[in-house]
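Q: Starting off with a structure, shown below.
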Amino acid sequence: MPHHYILTLFGLLPVATNISTWWNFGSMLLTCLALQTLTGFFLAVHYTANINLAFSSIIHIIRDVPHGWMMQNLHAIGASMFFICIYIHIARGLYYGSYLNKETWMSGITLLIILMATAFFGYVLPWGQMSFWAATVITNLLTAVPYLGTTLTTWLWGGFAINDPTLTRFFALHFILPFAIISLSSLHVILLHEEGSSNPLGTNPDIDKIPFHPYHSYKDLLLLTLMILSLLIIVSFFPDIFNDPDNFSKANPLVTPQHIKPEWYFLFAYGILRSIPNKLGGALALVMSIMILLTIPFTHTSTMRSMTFRPLSQLMFWTLVSTFITITWAATKPVEPPFIIISQVTATLYFTFFISTPILGWLENKMTNHP
């Protein structure tokens, strides 16, 4: 067996024989990242980070730049595809106990936070009506920070309101953060292969491993092909499926949209924020909705790694999935009954999963006569 590091990393990497399709999403995320970086570069070449020209420059890209419409749609819909893959990737980690590889899990959650920041900055760049107001509402949450809030907000905005300096710095951040994501992704993969992937049974896979290439690389290729095919179908036939109608109008600080909401992939966190009728409480809940994922490796009490043989934990996991979908749906609705109570119930259920996990693990140990 040759001992060349690159060959070992990509070809002769030993992987468990029984890993399922749920393990394909890492390579799909890598493809999404490559696609976003490439299309983002071509868009940045033609984009102008100025509040008077940004909206027009997007129209110029779509209408006048050769294949500009495709680059713009691939970048916008590619972001949605990125988040679909990352949420499934995290759900897989929660279900199969991948979080017990602590360093990999921590680097992954850090990646998620940077990715969400990058996507938020990107959403502001077209300078459409919803871009402007979503940026105003979300950045305004910084004012909830005691003592430092107003100073922090003014510092982020580069003035006393969202204006040209804000757009310029958001563009700079949106351009530079993907490089941080690329470097951290490399670290994420290196940390993963220190210990190796887990598997659906949650057992030690060392007794039965096969080379990554050709076995798992071809398996990855199938789902990658389906993802790219889906992406191209949406780009070609339904390019505006994820767009907000308000964002087809140029930003107007004097007209507030009837219902301000971010992109769909932030709606679960936005729904949790809205469910608390207090600015600081809502901002804390918003941050905690992501940060609570960091606690999972330390609250695992079950003797079994995976949820495959843990019916109570499975029930809570699928409750979490349905809760996530319900919060996302409720956050698209206006703040009025019955959506207020739906948001509050689902937000409570969301956090209940993380609180109940250690209790259920302990209970399942008792049921299976483990100490």
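Placement of Cβ uses the backbone N, Cα and C atoms for every residue, glycine included.
Positions annotated as transmembrane segment by Swiss-Prot: 25-45, 69-90, 105-125, 170-190, 218-238, 280-300, 312-332, 339-358. The feature heme b b562 binding site is assigned by Swiss-Prot to His75, His174. If you look up Swiss-Prot, you'll see His89, His188 marked as heme b b566 binding site, on the strength of similarity to another entry. The ubiquinone binding site annotation in Swiss-Prot covers His193.
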Q: Under 8 Å Cβ-Cβ from His188 (heme b b566 binding site), six or more apart in the same chain: what's there?
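A: Those within reach of His188 (heme b b566 binding site), by Cβ under 8 Å and sequence separation of 6 or more, are Thr104, Ser107, Gly108, Leu111.
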Q: Determine whether the transmembrane segment (312-332) and the transmembrane segment (339-358) share at least three Cβ pairs under 8 Å, counting only pairs 6 or more apart in sequence.
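A: Per Cβ check, the transmembrane segment (312-332) touches the transmembrane segment (339-358).
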Q: Of all the binding-site residues given, namely His75, His89, His174, which is spatially nearest to the residue listed as 'ubiquinone binding site' at the Cα level?
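A: Considering only the listed binding-site residues, the nearest one is His89.
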Q: Reported as an integer number of Å, what is the Cα distance between His89 (heme b b566 binding site) and His75 (heme b b562 binding site)?
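A: Checking the Cα atoms of His89 (heme b b566 binding site) and His75 (heme b b562 binding site) gives a distance of 20 Å.
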Q: Where among 25-45, 170-190, 280-300 do we find the most Cβ pairs under 8 Å to the transmembrane segment (218-238)?
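A: It is 25-45, which has the most Cβ pairs under 8 Å.
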Q: Residues of the same chain, at least six outside the transmembrane segment (280-300), with any C-beta under 8 angstroms of its C-beta?
A: 90, 94, 97, 99-100, 102, 105-106, 109, 112-113, 116, 141, 144-146, 268-270, 272-274, 347, 350-351, 354, 357-358, 361
Q: Ranking the binding-site residues His75, His89, His174, His193 by other Cβ atoms within 10 Å, which is at the bottom?
A: His193
Q: Tell me whether His89 (heme b b566 binding site) sits in a helix, a strand or coil according to DSSP.
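A: Once the DSSP labels are grouped into three classes, His89 (heme b b566 binding site) ends up as helix.
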